[in-house]
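Student: One structure, pasted below without further comment.
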Amino acid sequence: MKEAFIKLHISILLAGITGLFGKLISLNEGLLVWYRMMFASLLFISFLALQKRLKLPPLKEILKISGIGLLLGLHWIFFYGSIKASNISIGVVCFSLTGFFTAFLEPLLNRHSVSFKEVLFSLLTLAGIILIFHFDTRYRLGIGLGIISSALAALFTITNKKIRGREDANTLLLFEMGGGFIGLSFILPFYLYYFPVHTIFPDRSDFIYLLFLASFCTIGLYLLQIQVLNRISAFTVNLSYNLEPLYSILLAMLFFHEAQELNTSFYLGLGLILLSVLLQTYHVLHTNRSGAL
């Protein structure tokens, strides 16, 4: 069990590291995500082929999974766009709004009643974002892109949850990465037309960072999560992932000295977001105990 918890926190750390690549990689956000999905697809299909675990679902399912993968790719583009337009801390904090959008979108798409407690907790997060947005005009573009990113992340989570029970996890990851890569391949020429770049090819350092991002922070992260879920409950894993934004912000402060860029309004807004996370954690723990009784 101790080994499982170590793996859990390594996976959270890997998830927290992903935001750093928005600053480390010089390619624009569109190319960054396109290469990430391409490398992840190639590496994972090779891994599954060696393990003789490749499965081909029906064409209809492949198209659905690929569409969800494209949604994930678009979320990543806006996420890294937010980081490049502002900084890592802003991008990660805006990602916390995913719960706010999920609280409204999930009942709408799945046709069930809205949880007022979830809405209340999410409104605290929204208040934190508004506080940062209102007082720190330097990062308004980054915050706007981050808000769109969190809405797309919520939509991805809801749609992915619907299809998860029909296919095994390996098949889902492979066709989401592959489908996202193919979908972005059609979109990218138009994207680059409106946002031109000097080169579409990564330099040596970008190539190394992209390989690390695709192998460790995409496939490795996923494989660790599967191993952890075999030993630890999904409830504990989801609860522990509340630490991810904190890890990202601390890493950004350590490696990019972002504490110097952030003012009082950011920390007040972050305080409201952390309060929301703590209240959600308490609510889930209380509900879980009540259910056990």
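Glycine is no exception: its Cβ is also placed from the backbone N, Cα and C atoms.
This is the feature table in TrEMBL:
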| type | residues | note |
| --- | --- | --- |
| DOMAIN | 10-133 | domain 'EamA' |
| DOMAIN | 141-279 | domain 'EamA' |
| TRANSMEM | 7-26 | transmembrane segment |
| TRANSMEM | 32-50 | transmembrane segment |
| TRANSMEM | 62-82 | transmembrane segment |
| TRANSMEM | 88-109 | transmembrane segment |
| TRANSMEM | 116-135 | transmembrane segment |
| TRANSMEM | 141-160 | transmembrane segment |
| TRANSMEM | 172-195 | transmembrane segment |
| TRANSMEM | 207-229 | transmembrane segment |
| TRANSMEM | 241-259 | transmembrane segment |
| TRANSMEM | 265-285 | transmembrane segment |
Student: Does the transmembrane segment (141-160) make contact with the transmembrane segment (207-229) through 3 or more Cβ pairs under 8 Å, each pair 6 or more apart in sequence?
Tutor: no
Student: Could you name the stretch, out of 62-82, 88-109, 116-135, 241-259, 265-285, with the greatest number of CB pairs under 8 A to the transmembrane segment (172-195)?
Tutor: 62-82
Student: Which sequence-distant residues neighbour the transmembrane segment (207-229)? Criterion: at least 6 residues beyond either end, Cβ under 8 Å.
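Tutor: That would be 4, 7-8, 10-11, 14-15, 17-18, 21, 24-25, 32, 35-40, 43-44, 47, 169, 173, 177, 237.
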Student: So which residues does the transmembrane segment (241-259) touch in its own chain, when a touch means Cβ under 8 Å and the partner is 6 or more beyond its ends?
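Tutor: Long-range Cβ neighbours of the transmembrane segment (241-259): 12-13, 15-20, 23, 87-89, 92-93, 95-96, 270, 273-274, 277, 280-281.
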Student: Over the domain 'EamA' (10-133), what does the predicted model average in pLDDT?
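Tutor: Summarising the domain 'EamA' (10-133) by its mean pLDDT gives 90.
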